[in-house]
């Protein structure tokens, strides 16, 4: 069957071109990550209880939410946090492989079931359900170079209005979180002594503000009457200035009117004063970006950089952006080194093949076949849902040395059949394929039998092994296909019978021929010495036994003494610490 490709080289070329085109398609669409995505899908439920401390929030909000969310489909575990500023979060972690969109829908349904038993203030403030990963892929500061010009409230609200909406539109962004709740708010500072003297409760103040500062639809006049004109009633809506809030009537007993300014101080401030942000002593806000499960961290950061670059041109004078944590920089460095290694490995293999085959035409065949196998692998990585990461690239580096063997086996077999004969390259290729087709297939099956079972490992470590092993298997299978289709076709076209040429034209002594002769002599000498050492070890078996024991001892010592970790320890160039002060 494979002889058809020798007679029809165009067919073999078309197959390889299709593989390369599909590989390029996969290469352009594959997400780029540092390591495979092993973090399980996570859904975050967050909100705030104004005025509540940590214990109150836990009892009245977090516990009812946990009771309803617990047991949601495919859930692994729940972890919750509550702070003394009234904020809380419930993180629901799901099993690996669960659809994050469906998980978010399931959690949202459970949250709706818990809403009736939650405090009214919590429901009014709103509960947010979002799917995201816990790790931050990017952190940056927006700061001022003059503290007297812009305060933290202005910077944060400027970022909330102009930057956050644009960043959230970027594909893959799970959350754009600004540390510190400095949103513009109308602050009402109650005076307990004045309230006690007038017999006013905080609930009365809250009710008065809610009744007299609201958005409503008053309706129309004259809609169902005989009047010629119909009037739409307009209502001023919520109050906007401290003076308007100060004039809110809190209590009216018919003789005395108590206004808000009589029992409280009203000012335009921020929603919370629980924290402050500074960048080298300058007023700033810090924004952290979390990604959704399965998204491309590299593309997310590129999109955010484009947004920041575009909007920084229209920043108010004195505002600047500085990047603190960048996943892209670490990712580019890690994958860039492996990419350089991949290119270097290909060049070294090309040089080694040329030195040993001593024929440029013969070297050109593996040089064409190897990129087809490597590039074609990316399409199947896309189909399997893998990413371009350190492990898959490292697997491709190792695969170069394996896939080149298939092409070399075919080329060497063709040369062997032409050596000392007058066979044409096409006839020699046919004869070679009769001899080695079974060997190529069997070698491929053996290699697959070694790597495929590794992919059945479970857990986070199993994901690492799976991506590495299956990348190797895919490259090996494509290499075998090339060895049975493209390589024979190229051998029949490119190779020449040097025995026939030497007899017809005479042997010419060139620098290449002299180098090849010297190299072959040196290599044969080394082979003879190696054979002598093997004969010595065969006669003196006790020496072999000692060497084997020594190797086993060294390997055992290395296994025991080598530091063990899930992933290699690397210096990220930063450190984060938390300081807890006494109450």
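Cβ coordinates come from backbone N, Cα and C, glycine included.
The transmembrane segment annotation in TrEMBL covers 12-32, 340-357, 364-388, 394-415, 436-456, 468-495, 542-559.
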Cβ contacts the transmembrane segment (12-32)/the transmembrane segment (364-388), at least three under 8 Å, sequence gap 6 or more:
yes
Counting Cβ pairs closer than 8 Å, which of 394-415, 468-495, 542-559 has the most of them with the transmembrane segment (436-456)?
468-495
Establish whether the number of Cβ pairs under 8 Å between the transmembrane segment (468-495) and the transmembrane segment (394-415) reaches at least three, counting only pairs separated by 6 or more residues.
yes
Given a Cβ distance threshold of under 8 angstroms, which distant residues of the chain, six or more beyond its ends, lie next to the transmembrane segment (364-388)?
16, 19-20, 22-27, 29-33, 36-37, 335, 342, 346, 349-350, 353, 396, 399-400, 403-404, 406-408, 410-411, 467, 470-471, 474-475, 478-479, 482-483, 486-487, 490-491, 494-495
